[in-house]
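Have a look at the structure below, then the notes.
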Amino acid sequence: NMAAPSAPRPPRPRKEPQPLVIPRSAAEEQRLRLERLMRNPEKTVPIPEKLNEWAPRPPPEFVRDVMGSSAGAGSGEFHVYRHLRRREYQRQDFMDAMAEKQRLDEEFQKKLERNKMIAEEQTAKRRRKRQKLKEKKLQAKKNKLEQKKQEKEPGQSQEQGSSEDDDEEDSKEEEEKEDDAEEPSFVMGR
């Protein structure tokens with residue numbers, strides 16, 4: 001039974017054997033894993049799901065083998081009782097730990113809320129202070145401009161109406177200047 005001669009297959013590309021590297025630290029082990037992943041970027045990477053926290057088995061709804069208090073219990077009954085007792089203590093400890101964790105979480109959230117309120121109050125207080133200073137500067141500038149106008153032209157009322165418009169434009173320009181960075185009050189290196 002000889003098969004018909006088929007066309008010769010092209011040789012498979014041979015993978016180079018990877019040198020055996022023993023990681024000396026956790027960082028080196030992580031680097032090796034990343035290199036292995038990056039050799040074939042099309043390959044999907046398994047990402048493990050987050051494991052649920054351990055929770056004890058819930059207590060049974062109906063207990064069938066209740067131990068009586070009468071004499072005649074077998075030698076194995078104590079071990080059954082011991083396991084049941086241990087499981088119940090473990091369940092109670094878990095419930096206490098969860099209650100403590102929940103209490104701490106609530107305290108933390110309250111503390112965060114309290115800190116946030118304090119920060120907002122401080123911000124509002126500083127904002128009011130800045131606004132006051134800004135208004136004070138604008139008022140002083142307006143008063144100064146009005147004094148200059150009155151010194152120049154004490155008797156013309158029509159031009160005062162137009163000068164108020166000029167004052168508004170000046171104050172707008174002044175606000176834009178205030179927004180820019182202040183010039184240094186001293187020079188270094190002298």
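The backbone N, Cα and C atoms fix where each Cβ goes, glycine too.
Taken from TrEMBL, the feature compositional bias 'Basic and acidic residues' covers 26-42 (among others).
Marked as compositional bias 'Basic and acidic residues' by TrEMBL: 112-124 (among others).
The compositional bias 'Basic residues' annotation in TrEMBL covers 125-142.
Annotated compositional bias 'Basic and acidic residues' per TrEMBL: 143-154 (among others), in sequence order.
The compositional bias 'Acidic residues' feature in TrEMBL is assigned to 162-183.
Residues annotated as region 'Disordered' in TrEMBL: 1-57 (among others).
Feature annotation from TrEMBL assigns region 'Disordered' to 112-190 (among others).
In terms of DSSP helix, strand and coil, the compositional bias 'Basic and acidic residues' (26-42) has 14 helix, 0 strand, 3 coil. Helix, strand and coil content of the compositional bias 'Basic and acidic residues' (112-124), in residues and according to DSSP, is 13 helix, 0 strand, 0 coil.
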